[in-house]
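> For reference, the structure I am asking about is given below.
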Amino acid sequence: MTPVSRHLVLAAVTVLTMCQPRIAATPSTNLVAVLKNATAVDPHAVQVATGFERLDRVMENYDNRLYPTYDEHDGAPTFVNCSLHILSFSSISASSMDYTIDIYLRQEWRDERLRHYNERGELYINDQTFRDRLWKPDLFFTNLKKGHFQDITVPNFYLRIKPKTGDIIYSSRLSLTLSCSMQLYSYPMDIQNCSMDMESYTFTTEQLKFAWKSEKAIQLIDNLVMPQFNLDDTYSYDCTSNLSTGEFPCLRAVFILRRQFGYHLIQSYLPTVLIVFMSWVSFWLDVDAIPARVTLGVTTLLTMTTLAGGVRVSLPPVSYIKAIDVWMGTCTIFVFGALLEFTMTNYLSRKRPPQRAIKPGFCGLGAKMRHQDNDKLTTTQMIFTDGNALPVPKTYKTIGSRLAGETTDYAASALPVMTTEEQTQKMMDEKHKKKAKVLDDRCRIIFPLSFFIFNIIYWPSYLVFLVEDYTKPPQAS
């Protein structure tokens, strides 16, 4: 409202106030209040209303079935510039090969059919009815699994229209679950390239073209945190390709995700290392401690199997070998090897020589002694005859010596004497136990040394030499 108009209104209010007693009973008394309120009205309110009214008049002849450059004689396509603002990453799943992302999607294009006069300049619109009446790019996500618009507390979108040029900015908030073809050769030390592909469903490049708004078309919210990954880099490029039905415009945004190793180090690697170390305790136990060694070996093997099964649950059943498979398989071999070592040790410590049959008689003397003086026969010592062990009495009386009352000690004078059966068996047991202890002593060195060599090969291979890298396409920005 101009200063002149404001003075005229005030003058009218003054005159009516002076004349109020004479017209108190007339309906025109309400005019005073109306005119007083008119002085407090926002001077731009009428202009804003006029802008929307003019836009509504423009929309009366608007056809949203036609793209903006449809009527141009040169046949130029409509150009749409896109940009993304990443709000959050969540639920990056290797088992289902997908990830969930929350974004602001901004699309900008020019529609000269919306040009009109408006003193206020740009118009901001959050009306779903008007949005439905407007032509919009038929953009869709080719690798989308599921998604939805955010509508709490109001529909999360806005339209910004520049009346002088017909430029439109369409911004909307989306929650999307997109597929990601992950390569898990180096899992859990892997780097994944997850993409977001946006394409036109109806229009070909002759009618519509997509382009990224600027070199940094993908923006991230400050302090973006993901539970299992770090976002190393982002890049974007044009992915337009020819299909059997035509060439459709396409844009691709790629997110470089590096898996955080700390979780897997604590949950998978350290427990398995401790289990392998625990299985080696068997080498320091006594050879005869059979229950303790059996319990230790079986318990560690079952625990190792359970941990390996828990890791496989969170991964898809791929056909190739992953880094975690190499680790779990090797640790299981070490634990199982410790159990096999105990089996070998127990076999060596309990090994027995084969028993040989005893031939009757010692030059015919044994039978005579058993018949002549069976009460004096005491089988406590052994001698060898023809290579066979025979029991002989320690003392006995011959017929001649029996009359003379003499006793002859053949074991001490006439016959060669060997060790007793108990002494021989004891010596054999000690010999076999010594072999078993030697095996334990060697395994105390062989197993840790082998595991150390395996670690020297494993970690540099997956962290340095076999690390997965990404290569940007030439047209990426």
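Indices start at 1 and increase along the chain as displayed.
Glycine too: its Cβ is placed from the backbone N, Cα and C atoms.
Quantities reported herein were computed from a predicted structural model and do not represent experimental measurements.
Sharing the record's features from TrEMBL:
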type: SIGNAL; residues: 1-25; note: signal peptide
type: DOMAIN; residues: 55-259; note: domain 'Neurotransmitter-gated ion-channel ligand-binding'
type: TRANSMEM; residues: 268-287; note: transmembrane segment
type: DOMAIN; residues: 269-356; note: domain 'Neurotransmitter-gated ion-channel transmembrane'
type: TRANSMEM; residues: 294-315; note: transmembrane segment
type: TRANSMEM; residues: 327-349; note: transmembrane segment
type: TRANSMEM; residues: 445-467; note: transmembrane segment
> Of the listed stretches (268-287, 294-315, 445-467), which one yields the highest count of Cβ-Cβ distances below 8 Å with the transmembrane segment (327-349)?
268-287
> Is the transmembrane segment (268-287) packed against any residues at least 6 beyond its ends, judged by a Cβ distance under 8 Å, and which are they?
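188, 293, 296-297, 300-301, 303-304, 307, 311, 324, 327-328, 331, 334-335, 338-339, 341-342, 345-346, 349, 433, 436-437, 440-441, 443-444, 447-448, 451.
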> Let's see if you can do this one: DSSP helix, strand and coil counts over the domain 'Neurotransmitter-gated ion-channel transmembrane' (269-356), in that order.
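The breakdown for the domain 'Neurotransmitter-gated ion-channel transmembrane' (269-356) reads 67 helix, 0 strand, 21 coil.
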> Average the per-residue pLDDT over the domain 'Neurotransmitter-gated ion-channel ligand-binding' (55-259) and send me the rounded value.
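Taking every residue in the domain 'Neurotransmitter-gated ion-channel ligand-binding' (55-259) and averaging pLDDT yields 92.
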